[in-house]
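Visitor: Structure below; questions to follow.
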Ligand code: BGC
């Protein structure tokens, strides 16, 4: 008897092997699935429509193997209508017509007897539940909701070589209420933003990465309710948090949210100016931060881990782009004088830091901005000041995020900062220009040390944005240059192919970097795609818009530069839309030049 779906949730259960003829043989023959060399005798599928909106739905699927252990699996079903999988997680999903095939991979690739695998996906269309599932060709139907009595004559129902589908690396997946874990990425699944995912999968080749997690940017007040930002789409913050709850399986779910709406935003550039004027700190607090904090504090989101990335493009400007420096701008001088960056960041840290499951990461620029001692230590002082303003304390800071505003390589494999070429230090080269670091990872680790030495908690962790710093493709040097001329050596050895490390807008030749990964290196909480790949950094020509965004010549491919990029060409792609808007050509560029490459 088939159990009927109840309120969007359905469960099917197959019988055990039929005497003499296994259900496997019956199911496999019917479907013509290529079968592995073991027998799955039965299966149960729990298919839950966890969220449904006007044009789509989220389904969570748990498949339980009631037969012999399987070390690879395929679950197949037919959609009842024109539903389309748009992106999935914890399984590889493919669709042909109405037929969907989900197969396990990695830690989710095998299922012991009575064990289960869980995965989920977002689909377009209605959340109507499919009628039948097969696991490796076995039809998961015909049973009842009652668990079968355990056979009494089974000598050893437990496999001895349990492949252990549970990840073993989570030090504390289930902290006491109110207690934060050290690294909220470790042992967690990461939220896949359906809005970005749809954009990515709409691009040729985009399916290969459409189920990667990316951060949600709240880049204006209207984005909190939805309908007012390219990255949130018609989903507001609550919809995304509901969706994150729906995407959660057995492991904790981490959703990354960028808080990005300071008064006088992006004071050293023009393309990400925002809606709030330089003095509008009151609105920032009451119409933006308070509203976000109220939503995140909702009890129903308390099992999520919410990583907030606080205000890219802000505090370091108060060191590097002010006063008598030749990089100073009037806007940054104003934001230093009126104190509203420090006040705003402090307020965000304090309000969001009160929520026990929120993990605040303060944006900390990138090595090509802060990598000189004269910038690094003073910037950490400003971070510390903000972390002690408007009610915040250093305990409200869980870590720092780097490289969101930029494209710096994660690691330069062919030289270190301490190397010399023909007696000259690498630091003396035009490219490195006396910087103390040649790449993001060494910079991130050093910034962490500096933060701890200035009074931040000793367990702060770093995020490195690897969404656009892959620098693969045919231009990527595969070995160090043999030149004994320092500048030639660096030019021919560096993997970062930008014209100048100060270039930041829609960089030509850039690729996707490391895929998001938890705890990849000492002091690093995660490599993360904070800037969603394919969203523009700024328009390449003036474009009228109602977002406050300006035209920055650093996004104009014909521009010859300014003092902040050593008066070099901008290296930007042409025909770019306003920042945050979908930029198909950039997405293709990132895909083509990905490093590691996208299979
Ligand atoms: C834009 C934001 C956008 C973000 C993510 C920024 O450069 O100014 O509007 O949300 O990028 O794409």
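Sequential numbering from 1, following the chain as shown.
Using the three backbone atoms N, Cα and C, a Cβ is placed for every residue, glycine included.
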Visitor: Of the candidates 431, 504, which does TrEMBL annotate as part of the substrate site that also includes 217, 219, 366, 369, 406, 531, 535?
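Guide: TrEMBL lists 217, 219, 366, 369, 406, 531, 535 binding substrate, and from 431, 504 it also lists 504.
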Visitor: Taking the Cα atoms as reference points, how far is residue 537 (active site, proton acceptor) from residue 504 (substrate binding site) in Å?
Guide: 8
Visitor: Which number gives the other C-beta atoms within 10 angstroms of the C-beta of residue 535 (substrate binding site), all protein chains shown included?
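Guide: Summing over all protein chains shown, residue 535 (substrate binding site) has 21 other Cβ atoms within 10 Å.
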Visitor: How many whole Å apart are the CA atoms of residue 369 (substrate binding site) and residue 266 (active site)?
Guide: 14
Visitor: Could you round the CA separation between residue 535 (substrate binding site) and residue 266 (active site) to a whole angstrom and send it over?
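Guide: Approximately 17 Å lies between the Cα of residue 535 (substrate binding site) and that of residue 266 (active site).
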Visitor: List those of the recorded positions 217, 219, 266, 369, 504, 535 whose Cβ lies under 6 Å from any atom of ligand 1, in sequence order, or write none if there are none.
Guide: 217, 219, 535
Visitor: Between the recorded positions 219, 537, whose Cβ has more other Cβ atoms within 10 Å than any of the rest?
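Guide: Selected residue: 537.
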Visitor: Within the chain of residue 531 (substrate binding site), which residues six or more apart in sequence place their C-beta under 8 angstroms from its C-beta?
Guide: 215, 404, 465, 467, 468, 537
